[in-house]
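For reference, Swiss-Prot has these:
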DOMAIN    23-412  domain 'Helicase ATP-binding'
BINDING   Gly36, Val37, Thr38, Gly39, Ser40, Gly41, Lys42, Thr43  ATP binding site
MOTIF     89-112  motif 'Beta-hairpin'
DOMAIN    622-657  domain 'UVR'
Amino acid sequence: MFKLVSEFEPTGDQPQAIEKLVEGLNRGMRFQTLLGVTGSGKTFTMANVIARVNRPALVISPNKTLAAQLYQEFKTFFPENRVEFFISYYDYYQPEAYIPTKDLYIEKNADINDVIVRMRMSTLKSVRTRRDVVVVASVSCIYATGDPNDFDRMNINLAVGDRIDVLELAERLARIGYQRTEDVSLSGCFRLKGDTVEIYPTYQDEGIRIEFFGDEVDSITLIDRFNRTTLEHLDKIIIYPAVEFITTEEKLKRAVESIREELNERLSELKKQGKILEYERLKQRTLNDIELLETMGYCPGIENYSRHFDGRKPGEPPYTLLDYFDKDFIVFIDESHITVPQLRAMYNGDRSRKKNLVEYGFRLPSAYDNRPLTFEEFLKKTGQIIFVSATPGDFELSISEQVVEQIIRPTGLVDPEVEVRPTAGQVDDLVNEIVKVKERGERALVTVLTKKTAELLSEHLTELGIRSLYLHSELDAIERVEVLKKLRRGDVDVVVGVNLLREGLDLPEVSLVAIMDADVEGFLRSETTLIQIIGRTARNVNGKVIMYADRITNAMKRAIEETNRRRRIQLEYNRKHGITPRSVIKPLEIEVFEQFMVKEEPERYGDTVKNIFEMKKTLSPEEYMAVLEEEMYRAASELRYEDAAALRDELFRIREEIKKKKGL
């Protein structure tokens, strides 16, 4: 079923890791962990495991940048199988919210990326129709999507010779989300001309032409979307829905009736509680929505009524991508030390935001059920899970029936030496080290604690003739990748940033990582974070890490000890097998963003820092500070450290501005 294509055979620790993981799956182990160091080829190991067990797979990544990279790699490994991409389709997302302390209502605002919509629909179709499927997804996969049973039931099966007239087909297409139009460049539409119907699905590049002779299907052909030439003649075809959420007229009527019932119950509660303002607000808003649903079949915020459309009971989980898979699918949770906390945080973050909307009469209680899965529901809807990380968390290690280590790299590279140097004169010392790196034609990364420090240090290095750029959270993913491409090409010598882990991209040219203020305890200098930072040099034979600190914290001690443990194992393996380490040689490829026009849209669990900063224009300083503080704690709990640090810096800046205005 799966055909793995690679010019390389598994080497180093990969063969034993593959064998152990496959054996664990075959023995029915529910949870396993692949503890693989940076650069050990964890993606190749995952691909080999998938090919060996021949089962559909879902790979969950902590962010879209990493998801895009994994998607590209799996496409290379499985060119003859289906590899799909499933991330949030929002280019911009500001969720609906209410802050009662400020009496501030924030309306939902969103832009949808049509390219991602197409890729999501392709995913749903592939998962429902084939088994040789690998889906690379972000945490969006635990958010609500359409009922898979509706997706199956409402397919249109057509074969040459079938008796159906043109208008009947047009009506059926409209019922599953296709719009009639003359603009054939659009996806999810159809064109009607005489006895011919041309259909342009959202899930594939090719169009479909159905030609009729009277009320009989005369021919079915696949056509080129743009010049409309014939590509292939078919005897039969299945046309799948154009949208994720499909609503029949019967479902719509049932939903409206159910919404009315809930509204009456809730209004009765508010009246008893003496909440007159909330009573009137909810009554007016919900009746307006009902009127739109009855006349247009749609209303703004329709997703808040999803429970009524699905026929779910209060508290029942929504349908998600997980419900589309066959029951024996495997889940890989990549960078599990980040992704697992994100999966845990989604439900509570969503519910806390909606709590105010429900309590203050902006939404019915059923809005709670338009939500992501709880972590417990996620575990119930999945079967066998393999956690993948260089630094797995306590949860993964405690629940796994086996932890498989992948310490040896195929290149023979060993973990870098870690030096601790005093902070006195650290900038001058750093400059000297960067000059040495530059002379060897290599690159450096410097990680600092604040955005302001990153800017100042980068400017200082530039003044000294060292080509430097800094990474910060206000750059979107495409801009961030462009900075890293400049580093790889040699257009710049060093990149300075607050959290250089976010990308997780391969940077084989980097031989030096400098960690400034390594002894300042906090989320940016935890054991896990330090080990991940150290791993940034693990693809270069000259890799070295310098921690600037005046004391050794517990986090530093544990990170250095773990790095030295791995280094000893790697050196012994190389000595035993006569291996000479060599740097990774990796061509500068076209990035996935350029290939698929994937923009970095915020996940529904939180806005990008850029979007939050935009709110300053419409809020008072006190309101703005309340939003900053709430989002800062949320970002930190989800291990989005750079976002948390940027929000913290902005919060401090606004506080200082207020103090100055008050003359304090």
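Just so you know, glycine gets a Cβ as well, placed from its N, Cα and C.
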For the ATP site built from Gly36, Val37, Thr38, Gly39, Ser40, Gly41, Lys42, Thr43, further residues of that chain with CB within 8 A of the site's CB center: Thr45, Ala390, Gln406, Arg409
Entry from the binding-site residues list Gly36, Gly39 having the most other CB atoms no farther than 10 A: Gly36
Set of same-chain residues at least 6 away whose C-beta sits under 8 angstroms from Thr38 (ATP binding site): Ala390, Gln532, Gly535, Arg536, Ala538, Arg539
Binding-site residues (Ser40, Thr43), the one with most neighbouring Cβ atoms at 10 Å: Ser40
DSSP-assigned states of the motif 'Beta-hairpin' (89-112) in counts, ordered helix, strand, coil: 3 helix, 15 strand, 6 coil
Set of same-chain residues at least 6 away whose C-beta sits under 8 angstroms from Val37 (ATP binding site): Ala390, Gln406, Ile407, Arg409, Asp415, Gly535, Ala538, Arg566
